[in-house]
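For reference, the structure is listed below as structure tokens.
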Amino acid sequence: MPGGPVASGPGIGANAPKNKFAGILMTSFAAFGGILYGYDTGVISGIKVMCDWLETFGKHDPSRFAGACANTSGADYGISSSTESLVVSILSAGTFFGALLGAPIADYIGRKWGIVLACLVFSAGVAMQTGSTAIALFVVGRVFAGLGVGIISTLIPMYQSECAPKWIRGAVISAYQWAITIGLLLAAIVNNTTQHCPNHSAWRIPIAMQFIWAAVLSLGMMFFPESPRWLIKHGRDADAAKALSRLTSLNAHNPEVETELADIRANLKAEEQIGEHSYANCFRSGPNKITLCTWTGIILQAWQQLTGINFIFYYGTTFFQNSGISDAFLINVATNVINVGMTLSGMWGVERFGRRRLLLIGAIGMTICEFLVAIVGVTVSVDNTAGQKVLIAFVCIYIAFFASTWGPIAWVVVGEIYPLAVRAKAMSLATASTWLWNFGISYATPYMVNSGPGNADLSVKVFFVWGSTCACCILFTYFFIPEMKGLSLEQVDILYQNTTPRRSVQYRKQLVAEDVHALDLQGEKHGAVYEHSDDKV
């Protein structure tokens with residue numbers, strides 16, 4: 001065949017020894033970065049209602065404030081809605097810019113060392129927060145921590161998607177979301193443990209714990225290989241062979257390794273022939289449908305945030321307190337346990353049932369639960385114990401649907417849909433979308449749910465809003481999310497070029513059955529697949 005050897009056999013993802021889990025463990029370890037993301041997201045929910053933190057950063061006269069707490073001397077302290085919004089949302093502002101920085105860092109420094117650099121930036125922010133006694137330094141520390149988290153949230157799914165075997169790639173990337181849920185759970189447990197400390201240790205211990213997570217991730221990544229696809233892109237073919245050898249437990253000169261590298265080179269060469277790739281190219285139409293891929297990732301991550309999940313994990317403690325629940329901290333721990341446990345089912349289901357089907361099921365389930373929570377909340381008094389238990393039950397079911405579908409699978413899809421030439425830039429845009437909407441939601445929520453002048457006082461009625469956005473998730477998934485289960489990243493590019501998301505389920509089966517590779521585009525062996533794909537389906 002002109003252009004090189006034909007790829008044959010099921011490919012690296014299937015033929016690499018499944019009993020040797022070195023590569024899986026390496027790419028799964030990278031998911032540890034999700035703990036930084038989840039813990040930092042969850043820890044602020046409890047810290048901002050701790051008495052010592054309010055006394056340190058708040059003001060006296062609770063009648064003017066959204067939150068209040070009485071200290072040991074009987075004095076009352078609280079913070080305004082504007083301060084609460086700033087403290088919670090400023091992290092997301094930092095992560096937005098960190099996500100955008102993730103693209104040049106990933107392209108020039110590499111996926112591996114970019115993660116290490118992000119840990120250093122994150123640690124600087126943690127140090128500022130731990131040592132602060134004024135709101136200004138605390139906020140600046142949140143910004144720096146956000147920069148680190150933003151870079152990590154771009155680079156880790158990218159590293160995992162490029163290094164994990166295709167037969168388990170979805171579960172490996174889902175492990176990132178699982179680590180996020182573990183971080184949220186750890187934050188809830190630590191907050192619950194230290195909340196009654198009478199001094200600064202009540203909130204400084206939970207914040208300082210983040211040094212440990214950053215150290216574990218950065219030290220571990222130093223011993224792992226760089227992404228073979230990044231090495232190929234930079235002309236380091238020998239290093240790419242060594243890296244892929246470590247990831248697959250095969251010899252660097254094994255035919256399977258050589259075939260995989262040839263496939264990556266062929267796909268990259270075809271992309272580079274289109275022209276130089278900048279951010280502008282992410283939005284230019286062409287045969288590889290980069291524009292569709294780019295907007296799919298951006299909007300998917302926006303809808304993930306608009307499901308309302310961050311309302312629970314940013315403001316869950318405050319919400320449960322206002323709903324008349326006596327031990328809101330304990331309920332927050334319980335919801336995080338559900339989040340962790342159900343994410344495991346998503347990791348299992350993503351390779352069994354596929355991306356598209358689970359996203360549809362999750363969106364439908366969340367829509368029903370959100371509307372039921374809103375209806376129960378507006379019809380049952382906060383003094384009605386049975387009613388509040390029903391409200392909590394539906395919140396937990398909603399979290400279960402999110403954790404098993406939209407939580408992990410949104411990251412899987414974003415890690416899979418982009419061509420190599422623009423992957424870093426397109427993923428940074430999608431991740432930046434996550435944090436832009438995260439910032440907007442976290443900043444606006446106190447004004448939406450709190451009572452008092454200048455606030456909408458929606459309280460539990462805000463779930464009508466989240467229910468409506470979840471209904472939009474159903475439509476978006478149906479029209480824009482293709483099925484990519486079991487495909488290599490290069491086969492995903494072929495799928496996008498030759499079919500639509502609604503027809504992708506059958507076309508994916510065709511790609512797997514005929515074992516189509518990027519090298520096949522240079523010959524005639526599978527010509528009918530590309531010229532008449534929709535008719536054949």
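Placement of Cβ uses the backbone N, Cα and C atoms for every residue, glycine included.
According to TrEMBL, the protein has these features:
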{"type": "TRANSMEM", "residues": "21-39", "note": "transmembrane segment"}
{"type": "DOMAIN", "residues": "26-485", "note": "domain 'Major facilitator superfamily (MFS) profile'"}
{"type": "TRANSMEM", "residues": "86-106", "note": "transmembrane segment"}
{"type": "TRANSMEM", "residues": "113-129", "note": "transmembrane segment"}
{"type": "TRANSMEM", "residues": "135-159", "note": "transmembrane segment"}
{"type": "TRANSMEM", "residues": "171-190", "note": "transmembrane segment"}
{"type": "TRANSMEM", "residues": "202-224", "note": "transmembrane segment"}
{"type": "TRANSMEM", "residues": "358-378", "note": "transmembrane segment"}
{"type": "TRANSMEM", "residues": "390-414", "note": "transmembrane segment"}
{"type": "TRANSMEM", "residues": "426-443", "note": "transmembrane segment"}
{"type": "TRANSMEM", "residues": "463-481", "note": "transmembrane segment"}
How about the transmembrane segment (135-159) with the transmembrane segment (21-39) - do they touch, taking at least 3 C-beta pairs under 8 Å (6 or more apart in sequence) as contact? yes
Can you see whether the transmembrane segment (86-106) and the transmembrane segment (426-443) are touching - at least 3 CB pairs under 8 angstroms, only pairs 6 or more apart in sequence? yes
Count the CB pairs under 8 A between the transmembrane segment (390-414) and each of 21-39, 171-190, 202-224, 463-481, then give me the winner. 171-190
Mind checking which residues of the chain, 6+ beyond the ends of the transmembrane segment (171-190), have their Cβ under 8 Å from one of its Cβ atoms? 24, 27-28, 30-43, 45-46, 156-157, 160-161, 164, 205-206, 209, 213, 313, 329, 332-333, 336-337, 339-340, 343-344, 346-348, 350-351, 403, 407-409, 411-412, 415-416
When you scan the chain for residues with a C-beta under 8 Å from the transmembrane segment (358-378), skipping those not six or more beyond its ends, what do you find? 307-308, 323, 346, 349-350, 387, 390-391, 394-395, 397-398, 401-402, 404-406, 409-410, 413, 459-464, 466-467, 470-471, 473-474, 477-478, 481
Before we move on, state whether the transmembrane segment (113-129) and the transmembrane segment (21-39) share at least 3 Cβ pairs under 8 Å, counting only pairs 6 or more apart in sequence. yes
Taken over the domain 'Major facilitator superfamily (MFS) profile' (26-485), the predicted model's pLDDT averages 84
